[in-house]
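Report on the structure given below.
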C-alpha cells in the first residue's frame, strides 16, 4: 500500500471511513441527526476524502485498463466514491440538502462509470446530470415524448428492481460468510479478489438505487422551491393592504341608526350612505357605486314598503292555512283514481 507524506496509510484511511459508515448505517441511535452520529459522518467523510485524494495522486485506476490489471490489494479502493456518496447522504443539514444530494449523486455516478469501464456488472449508466437539469450527455432521441414511461417499460423496470434486490441479498449472504476469513488475513489472493469484486457488485446495486432516490428527492425539493417563490399580486395591490372590516349594524337612514344604536350599545351603527362613503374612501368601491338617494324617504317608497309588508302577511296566512289543512287530511287524500 502507498504512503502519503507524513499521513496515515491509505488502507487505514479506507478502513476507518468504511467502519464509520457501517456504524452509522447499523447504529442503534434512534435519530441520524444525533450529534454522536453526525460526528461519525464527519470523521468518515474526512477519512474517505483523504483516501480518495491519495488514490487520485497515485493514479491507481485508469478507464483504459482491464480489471485483471488491478492488483487484488487495490480493488477495494474502487469503493471509495460509493462510500463517499453513501456517507454524504447521511448528513442532516436541511438548508444544504440539495447540495448534499448533488454531491452524493456525483460520487455514485463516478463510481458506476469506473465500474462500467472495468466491465464490472451489466447495467445501464444513468445520465451524468439528474432529469430536469441541463444534461452534459447527448439528449435522448425522440425528445420529451420518448421520456414518457410506457406500461411495458414500467413493468420491466419493476422486474429489474426485483432481480436487483434478489441479487443484492444473495451477495450480502456470500459476503457475510467470507468476511471474517478475508479480514483475518487467512484468505489467499483469489479469495480476497473475489470478496472485493462481490463488494463492488453489491455497491453497484446500491448506487443505482440511491441515484434513483436522489433524482426523485431533488425533483421534489425543486418543485417546493418553485412553489415558495412569492407571486406578485395583481395590479400591484395586495389584499392585505385593505383595512379589515369591523362589525357594525347597517341601517337604512339616520332615524333607524338612532333606534338600533340604542338597542345594541356594543355595535356602532352606520347608514347605507355612510358605509358607501367609507368604502369609497378606502378605495374599495368607486364613487358611482353609491345609490343616488334623495334626502329623506318619499311617500312612494313608504307605500311600496307597506305593500311588501301586506304581501308578506298574506303569504304567511296562506302557509298557516295549508299547515292546518294537512293536519286533518292524510297524505294522498282524494287521490282515488285507478283504485279498484
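A Cβ is built for glycine as well, from the same backbone N, Cα and C atoms used for every other residue.
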Given ranges 125-153, 154-182, 183-211, the stretch to which TrEMBL attaches the annotation region 'Disordered': 125-153
Annotated region 'Disordered' segment (source TrEMBL; candidates 104-123, 224-243): 224-243
Given ranges 41-100, 281-340, the stretch to which TrEMBL attaches the annotation region 'Disordered': 281-340
Tally of residues which DSSP labels helix, strand or coil - the compositional bias 'Basic and acidic residues' (315-330): 14 helix, 0 strand, 2 coil
